[in-house]
Structure formats: structure tokens, C-alpha cells
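**Q** The structure is given below, and queries will be raised subsequently.
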Amino acid sequence: MLESVAAASSGGLSAQAEPSDAAPPPTLRLITCGSVDDGKSTLIGRLLFEQSLIFDDQFAALERDSKRHGTTGDDIDFALLVDGLEAEREQGITIDVAYRYVSTPRRAFIIADTPGHEQYTRNMATAASSASLAILLVDARKGLLTQTCRHAAIVSLIGIKHVVLAVNKIDLTGFDEAGFHKIVADFKAFAATLGFASITPIPISARHGDNVSEKSSNTPWHKGPALLSFLETVDVEEDQSAKPFRFPVQWVNRPHLDFRGFAGTIASGSVRPGDEIVVAGSGKISKVARIVAADGDLASAGAGEAVTLTLEDELDIARGDLLSDAKSRPEVSDQFAAHLIWMSEDKLMPGRSYLLKSGAKTVPVTVTELKHRIDVNTLGELPARTLSLNEVGVCNLATATPIAFDPYTDNHTTGSFILIDRATNATAAAGLISFGLRRATNIHRHGLSIGKLDRARLNNQKPAVLWFTGLSGSGKSTISNLVESWLYAHGMRTILLDGDNIRHGLNKNLGFTEVDRVENIRRVGEVAKLMTDAGLIVLCSFISPFNAERQLVRDLLDDGEFLEIFVDTPIEDCIARDPKGLYKKALAGEIKNFTGVDQRYEAPQNPEMIVARDGQTPQQAAAAIVKELIRRGFIDSFADPGDDFSI
């Protein structure tokens, strides 16, 4: 078998048709998806082979690899042309997304081979975001599987409207027509609510080439085209130039004092000199003066073109701003609903601060509400408090500042974003905006005559938040109470927010899961901010186990107002003290989600102060904190607390 295939392949690329002088065909970006072992990589490898896109040395290597890693007996294993990672070859699976370029005289293709395993669903979703057609493979022997339905749902969610249902391994069923039609009927019933514009079923054998490049005599009952013929002629492209003009600014081009332009790629629509545009965020309007490209000025430019625009007026425009058609503007809001595809090993924490990146704009964002999780097998709505890896949910989000956007269904570029974990800078989720929340535009801040600085001057102090963090039993409450007592005795205006006390009122409805702990600190942070607006020195004593939430509170305040104080008592000492008997219960399994026992504590990475180390007493720790407040100018140095901290 290897010899016959090798003979067919001889000559490397020589079998490819000669290029014509006609305009190049439009490039079709597509993905192969479906469950594991349904033949996605084999199909792409077969296409490469049949289009003579394999060089002789590549084919020789493929023969060797097929004998070593192949899963097809004595036959060539075409999947090895795509599966390049050693782990992929050893396991016979696809892990990472592999992109391959295929060209015929009629069309060029960029094909993404995506993994079928559930744990790599995020890789598949990433590849789908840039595709306009999906080849969904199904094993003719097995029919629809869970992962088949999951990939179909994600394809729909991402916005791909055209699907080829490739029923593979049809040869292993004896080219069974009835079995093929049953799979097609089952899939169409499942996909009835997915909103696909077209579903094209094709029976194929990726291993042997039936209906891949040419129609097979083994399936005379199949009246449709071969796969490649269909791909060469299918029309999937939306006319992006007919949509409203959208231009995300990627870079402010200022090579010298006499030129200031705004560089980027047109996301949709078209533009000409003299067109009226608006800076979506600020609402400022101007007209396009010039469209500058590498080869000179252009009379017009459309979707997909990278250009630099100059304007007739000097406007404040920065990287991340969105220039738009003044007569058809995007939404601008700091709250919106979106679908999230969760891509992180760490679960979604509603209330936690992430970074939202849309185009070149990055802003802090919080998931304010997880409305439900989507069952990608049934598309039903499931109650959820968090999202895990590869899960999809519908959420409300709030950004720190308003952003400009379109619904994802209207514009994939301006309607999509990613969430970034602020601690690791890893991508946490991909997001698809559904709509802006009306309440975001109906609520406005009311200007007040008396501000924070006025109240602080009246108190003769600078407002601050002293955030005491550490394990249970570390001494946070004792030290913070000593500090407040000293400040009160010396005429300072203070308030002490203690974790246990807050849970008797404001947060009495919260438990101790990670999700509840995040919400606990978010609420306390907002209260602390209100207290600093009153000009107070706010002492907060909370375990607050996660760096992200402590950072969230820091971000709520003005620069320099937040002092993170790490009460670094070793856990062995905390267990030995155990003033409330909680460690004993946690170690006995009577209490769940107890920080330091069965729930993690993330020690501060760069706190303003570390206390309670090396046998430091609570009095010594409190004295050091007061001295630091004096050094930083929060209070006057009219009294030295001393080392014994006498009040």
C-alpha cells in the first residue's frame, strides 16, 4: 500500500495545476472539528496529498513516521502530516491547533485542524473565531457524540453560519446509505436551533479519499458534490464593506511634528477623504483628511485594509479608541451582557477584577453576574455560580470605564474580547458581546459640593485604607484594634471593619466558598471606598486570601491610599493558638473551605508592610504601623508611639 501511494505522489509539487493570470480566488478560512478520532487530521493530510502539496522528502518522512507512529496498519497515516507535536504522534491525537495552507486553481484555503478532546475545547474555540466555515466530522459507525454536539454549539456561538457535515469512515460501514441519512437527520434535528445558514452533508473516507477531491463510485447514491468541489465554490463571505465604518486605532503615527495619523485595520465599512467620523468614546466629530498607505494616499479604503487616517481637526485620540461612522455609531457603555467561553484552569470568580482586551483597548472589568451556564450538549440553561475550563456561560460585565462596541452578531471584531487574569496575564476567557445594559446609561454620578479632600482637611488627616491580611488566628484583629485605639486616642477619625463583624450584617448571606469570599471582599472594598470619601482612616481586617481581590480594592482607591499589611504569622503558630477552635474543626473535616487547610491562601507579593515576623509582638507590630503612617504623611508626627506602644 505504501508503495502505491508513493508512486501516486512522485514528483512532489509538479502535479499542481499551473497558475492562471486571473485574479486570485478569495481565501476561505475554515476549521475541521468534531470528536476525537473522527479523522480531522487525516482529512487535511489527505487533501494535502491529493493536491500534490507534499514534497518528496516530506513523503519519505511520512512513510517512516507511519511505520513508527501510524495507526493505519500498513497504510500511510495522513494525520501525521498535521500532528507535529511529539505528544500528538505518540498518543495519536491532536492537542494544539495546526494551520495548513491549501491552494487549488479555483481557490485558496487556510485550514485549522482542531483537537477533538474535551480538555482542548478552548483551542478549538480559538481557531473557530477566525473561520467562516466548519467541517464537522462524524464517525459513520458511532454517529453523533457528546463532543460532536459540543463543537457544533461552539461553532454556532462563534458565529460560523456554514457547516459541512462530513460523515467519515463511510467505508467501514460498507458505504451504508441508510446509516448516512440517519446521522444527517439526527444532526439536523440537534442543530435546528443553532442558526446555521447551510448544512451540507457529504459521506467521505479520509483514509482512502472517497468524496474528498473527487466523487467516489462507491457512493452512487450521493448526489451532492465532493468535499473539495464544494469548498471551491461555496459563498460564505459577508460583505463587511457594506456595514457601518469601524476603525480600531492600533497606533498613533507621529513620525515628525508635521504629521499625526491613526493607524489600524478597518474592521468593517469603507471610508473616503471628507467622510464624517466620530471618536466613539468621547463623541468628538471630525472629517477624514487623508488615507495613507504604504504606497501613498488612497482615494478610499475598505474592510480588511491596514491604513493610517489623518483628520481635519486635532482631537484627543489614543491607542484603543474606535473611530466610527458619525451617522451609525456603536454602543458606548460600561455594562453589557456577553457569552463567555472559559479557557482557564482557574474557575471564573464573579466579582473578581480581570482585564478586558478588545482590539487594542484594555480596561479593568468585573463579571457582576453569572446568569447561567449553557449545556453545550442540549443548549439548555443550567444554574451556575462559576465557570470551569471549557464551559460557556451568559454573564453581565462592568468595565472600569465605558467602551465602544457592537453586538457580536453585527460585528465580530468590535463585538468580541478576551478576559485576562491580572495575576498571571494568562487568557482566562473569550467573550462575545450580546447587548449593552440599559441601566448603565440611565445611572449618572451626582456632583457633590463637599468632596473627599474637604472632609480630610476638616479631620486634619489623609484618608487611607489599612488592609490587614493573613491567616485566621494570625493576629490581624488584635493588631488592627491596637492601631485604631492609638489613632482614636490621638484624635484621628477612624473606622475598623472586621471580617467576623461584617458577616453578621452586610455579608450575612455569604458563605466561605471561593466565589463567596470574592464577593465578600468586593463588598467590603466598596464600603472602604465610601469611608475614604468621608475622609476617614479605614482599618480592614480580613483573611482576604486572594491577590486578585486585594488588588481590586487597591484599584478602587486613589494612588497611595491603600496600604497592604501582611500579618505573616506561620500557620503552625496559628494552629497552636486556634483562639476560636476553627483549625481543630477544619483539620477534623468538620469545616470545609477553611483557608490554610483545604483552601489556598495567596500571600501578598509586594505589600507595603509585613508584620508579626521573628517573634514581633502585637504591640510592636502596631507601633511599626503607626510610624509608617507618620512617615507617609497620613497623620502628623505630634506623638511617637514608642516601641511598647503605650496609648
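Cβ coordinates come from backbone N, Cα and C, glycine included.
TrEMBL lists these features:
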- 25-241: domain 'Tr-type G' (DOMAIN)
- 34-41, 113-117, 168-171: GTP binding site (BINDING)
- GLY470, LEU471, SER472, GLY473, SER474, GLY475, LYS476, SER477: ATP binding site (BINDING)
- SER544: active site, phosphoserine intermediate (ACT_SITE)
**Q** Ten-angstrom check, please: count other Cβ atoms within 10 Å of the Cβ of ASP37 (GTP binding site), all chains counted.
**A** 21
**Q** Based on Cβ atoms within 10 Å, give me the single least packed residue among the binding-site residues LYS40, HIS117, LYS476.
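**A** So among LYS40, HIS117, LYS476, the binding-site residues given, the one with the fewest Cβ atoms within 10 Å is HIS117.
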**Q** Hey, does DSSP put GLY34 (GTP binding site) in a helix, a strand, or just coil?
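**A** Assignment for GLY34 (GTP binding site) reads strand.
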**Q** Within 10 Å of the Cβ of GLY475 (ATP binding site), how many other Cβ atoms can you find? Include all protein chains, please.
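**A** Total other Cβ atoms inside 10 Å, all chains included: 26.
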**Q** Within 8 Å of the Cβ centre of GLY470, LEU471, SER472, GLY473, SER474, GLY475, LYS476, SER477, which other residues of the chain have their Cβ, at the recorded ATP site?
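**A** Once GLY470, LEU471, SER472, GLY473, SER474, GLY475, LYS476, SER477 are set aside, the remaining close residues are ILE543, VAL567, THR569, CYS574.
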**Q** Counting other Cβ atoms within 10 Å of each Cβ, which of the recorded positions SER472, SER474, SER477, SER544 scores lowest?
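**A** If we count Cβ atoms within 10 Å for the recorded positions SER472, SER474, SER477, SER544, the smallest count is at SER477.
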**Q** Using only C-alpha positions, which one of ASP37, THR114, HIS117, ILE170, SER544 is spatially nearest LEU471 (ATP binding site)? These are the recorded positions in the record.
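**A** It is SER544, whose Cα lies nearest.
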**Q** In three-state terms from DSSP, label ILE170 (GTP binding site) for me.
**A** helix
**Q** How long is the line from the C-alpha of LYS40 (GTP binding site) to the C-alpha of LYS476 (ATP binding site), rounded to the nearest angstrom?
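**A** That comes out at 57 Å between the alpha carbons.
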**Q** Among the binding-site residues ILE170, LEU471, point out the residue whose Cβ has the most other Cβ atoms within 10 Å, with all shown protein chains included in the count.
**A** ILE170
**Q** Please report the Cα separation of ILE170 (GTP binding site) and GLY470 (ATP binding site) in Å, rounded to an integer.
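**A** So the alpha carbons of ILE170 (GTP binding site) and GLY470 (ATP binding site) sit roughly 62 Å from each other.
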**Q** If you count the C-beta atoms lying within 10 Å of each candidate's C-beta, which of the binding-site residues GLY34, GLY470, GLY473 ends up with the smallest number?
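**A** Lowest Cβ count within 10 Å among the binding-site residues (GLY34, GLY470, GLY473) is GLY473.
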**Q** In Å, rounded, how far does the Cα of HIS117 (GTP binding site) sit from the Cα of SER544 (active site, phosphoserine intermediate)?
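**A** One finds 36 Å between the Cα atoms of these residues.
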**Q** Calculate the distance in Å between the alpha carbons (Cα) of SER474 (ATP binding site) and the residue listed as 'active site, phosphoserine intermediate', and round it to a whole number.
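**A** Answer for this pair: 13 Å between alpha carbons.
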**Q** About how far apart, in whole Å, are the alpha carbons (Cα) of GLY470 (ATP binding site) and THR114 (GTP binding site)?
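**A** That separation, Cα to Cα, works out to 44 Å.
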**Q** Over the domain 'Tr-type G' (25-241), what is the model's average pLDDT?
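**A** Overall, the domain 'Tr-type G' (25-241) comes to a mean pLDDT of 81.
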